[in-house]
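For reference, the structure discussed in these notes is given below.
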Amino acid sequence: MKINDVPRKNLQFHAFLLFFAISSAQIGVGIFSFQRSIFQACGHIAWIAVIIAGLIAHLILWSIIKILQKYESADLFGIHYDIFGKYAGVVLNILFLFQYICTIVAIMRNYIEIIQVWIFPDIPSWVVIILLSILTFYTSSGGIRVILGVCVIQFTIILMTVLLSFSPLEYAVWNQLLPIEVDNIKELINGVMRMGFSLAGFEVVWFLYPFVRNKQKAMLHAHHSLGFTNIVYLFLTIVSLVYFSADQLQEGLWPSIDILKIVKYTYLERIEFIVISIWMVVTMSGLALFIWIIGRGCKRMWNLKPNMIAIITLMLAFVANINIDEHVEIKQLNAFIGMQVIASTFIYPVLLSFIVMIVHSYRQRKNNEGGQQHESMEDI
Amino acid sequence: MKAWRTFSVALIAISMLTACMKTNIIEEISIVVALGFDVNKDQTFRVTSSFLESQTEPKLNKERSVSVHTKTSQGAQQLFTQRVGYELAYGQIRVLLLDPKLFEAQKANEIQLLSRDPLYGDMIKIVIADQGAADILEHRYNSIPNIGTYLNNMLDHNTNKSWSPVMTMHEFSKDKSEDLYREKVIPIMERQGEEIEITGSALLQNSQIVGRASAQESFYIKSLRGEDAEFPYEVFFTKQQLIESGMIHHFPRNENVQDVSLAFKIINSKGHIHVTDLDKLEFKATVNVEIDIQGISEYYNFQDSRAIAALKKQLRSTLTTHLQQVLDKIKQVNSDCVGFSERYRSMIPHSKLQQTNWIELFPTSTLQGDVNIKLIRTGTKE
């Protein structure tokens, strides 16, 4: 496997499209329920946890792109190969691919649960999985540029949904944000960690970076995207905190959907049913992106056909989802993936940047020594 | 390969566009518009639903009410299904009517349980039916074609920017446990022959009705809860009050004026709560009102700025007295429906204040009312 991979010109895209790709990977079904999880951890100061987690995410993203900038045009697969060698590199790559398979399963299962609870209580899971899989396969098989096109559509859907979420502010009790106090630092850290799961997804830049045409702008647009996601999450957190009581936030499984229940126009109401249906596009674009990453990894390591890998991945996801029926199982799956994601998105890049720094400085020193020896030999 | 792919995508698209997971024919659905909950002597529910019957036969299309007896609010759905010819749709419920006995029997929690069902909207309006929910829903009115939608419209115009506080399913579900939150205040309605009237509001403490507020009192409560409120007001000034405020000097056509009545409309109001002393639990409730004078029983010299100042002084005094009476009442019945507790909690760091503590603390607090007046206009004449 080559460390650096320069895709064909017609596959490359402008750096500003990272804005849509990153927010697309970050925002999915998790946006419907993240407030509850953070509120359970740290109460009415949940918004502080969202800000802290957002700032940490910016720092991690900066370190990821700094590592990528040390290479000409490498992705995480190539970096693993370069730093850890052939065998350890492949093992690490497989771990990442496994994590993305688990994420696909979790996204699908969570979305299916929402459909079953809100719209069609008696719809079998396999029907939704097949529909979602067909759409996902069709999108991912079109390649990264098609996926990015869907990400742009997804962005508009997210933006419009967030705008709809202004309605509850009419019933806001702003005192519920006060007093601004941190009773227990452990609770706040717990809240930040839980928020980390929702913010995960920006690490797709590891894999998209080689495709960026103007790489010098990648840092800027990636941070803009992450900033957008942070603002969306912060806004929804504050709206939820001032709109719901503590009991409602702790009990409601999907506060973001409950928020939409009050949006009402003279010609239209119960907009949440429309949003849930349209959210299939949002879910699908995230799934397509992750499937594309899995396909790309397999192609880079073993030269396998991405479409074949996509079919296998979707079949695995189908089998896994069919076997998850109960809500408790879905919760366990989310908790398991949550820990994985925290490790791979927030801890691992920091660790890797230290390793890359050490390895590169060692190589540079070795090169310099080699050069000096060469010069002294010439002197003799 | 490309042809195969195009074909398969077209096939899937066609099958997806023409297929349907579930067919709902609107003519074969009866739409529930209002639900009423009464409590029987054996503590079971009598649930009455008012619905628009399905329209497969247009001539038979009519409103219908059905009552069932059940142990739980959810159980009623099954019993309704057994009594009607078509499927009942619950997604369009506009109003829930509750029997006051529901609160006495501590069964209000059953209503909160309805919010578990995604079909029930959060903006369903909740109202207390003084003589029972079935009394309103089962009566056949000559002039009201559909009682469910009529109640919805009635509540809409009385709550939307008007005097009656808004009580929705969302608001009703807010306080379920020990968490501190303002108490509920729910509009009360009753049937008087062929007419239905919203008579005032019920003040609750911990899901128990502990008092009632008139329309005027409800207006102040609504303002202090931070909701937009308008109110048509009528006040009477005695000669003594006219002398004290200085208004007595501004009746040029009648120097021997006695009592004066004044009609005005509060076109805008905004309430604020301030904590004046945290330790002594002293609060100041201020309501800023903008008024439009609509009529005065004696000719008053509105051209003189001193006359306007005197009128504002007297109005402020009268309205502040009214507000103070409201504050004294809610303190006396111990129903913090305005949200003093929330204001207090938000100012104390590390507060572990809970509802039970507040029920003991609230009667010991000092509440001071104040109304600030802005006289916006005097109609089309000065």
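The chain as shown is numbered from 1 upward.
Note: Cβ is positioned from N, Cα and C throughout, glycine not excepted.
TrEMBL: automatically predicted annotations, no manual curation.
In TrEMBL this protein carries:
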TRANSMEM  A:12-33  transmembrane segment
TRANSMEM  A:45-68  transmembrane segment
TRANSMEM  A:89-112  transmembrane segment
TRANSMEM  A:118-139  transmembrane segment
TRANSMEM  A:146-168  transmembrane segment
TRANSMEM  A:188-212  transmembrane segment
TRANSMEM  A:224-246  transmembrane segment
TRANSMEM  A:273-295  transmembrane segment
TRANSMEM  A:307-324  transmembrane segment
TRANSMEM  A:336-359  transmembrane segment
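With Cβ pairs under 8 Å as the measure, the transmembrane segment (A:12-33) is packed most heavily against A:224-246, out of A:45-68, A:89-112, A:224-246. Most Cβ pairs under 8 Å to the transmembrane segment (A:118-139), among the stretches A:45-68, A:146-168, A:336-359, belong to A:146-168. Relative to the transmembrane segment (A:273-295), the listed stretch A:146-168 leads the set A:89-112, A:146-168, A:188-212, A:307-324 in CB pairs under 8 A. Within the chain, the transmembrane segment (A:188-212) has long-range Cβ neighbours (under 8 A, six or more residues past its boundaries) at 4-7, 11-15, 18, 21-22, 24-28, 30-31, 34, 37-38, 41-42, 45-46, 48-50, 52-54, 56-57, 60-61, 64-65, 68, 73-77, 79, 144, 182, 218, 222, 225-226, 229-230, 233, 286, 289-290, 293, 296-297, 334, 337-338, 341-342, 344-346, 349.
Beyond the ends of the transmembrane segment (A:336-359), by six or more residues, the same chain brings 56-57, 60, 63-64, 66-67, 70, 79, 83, 95-96, 99, 102-103, 106, 193-194, 196-197, 199-203 to within a C-beta distance below 8 angstroms of the stretch. Here the transmembrane segment (A:307-324) has long-range neighbours at 101, 104-105, 108-109, 112, 125-126, 129-130, 133, 136-137, 140-141, 291-292, 294-295, 298-299, 330, 333, meaning same-chain residues at least 6 beyond its ends whose C-beta is under 8 angstroms from one of its own.
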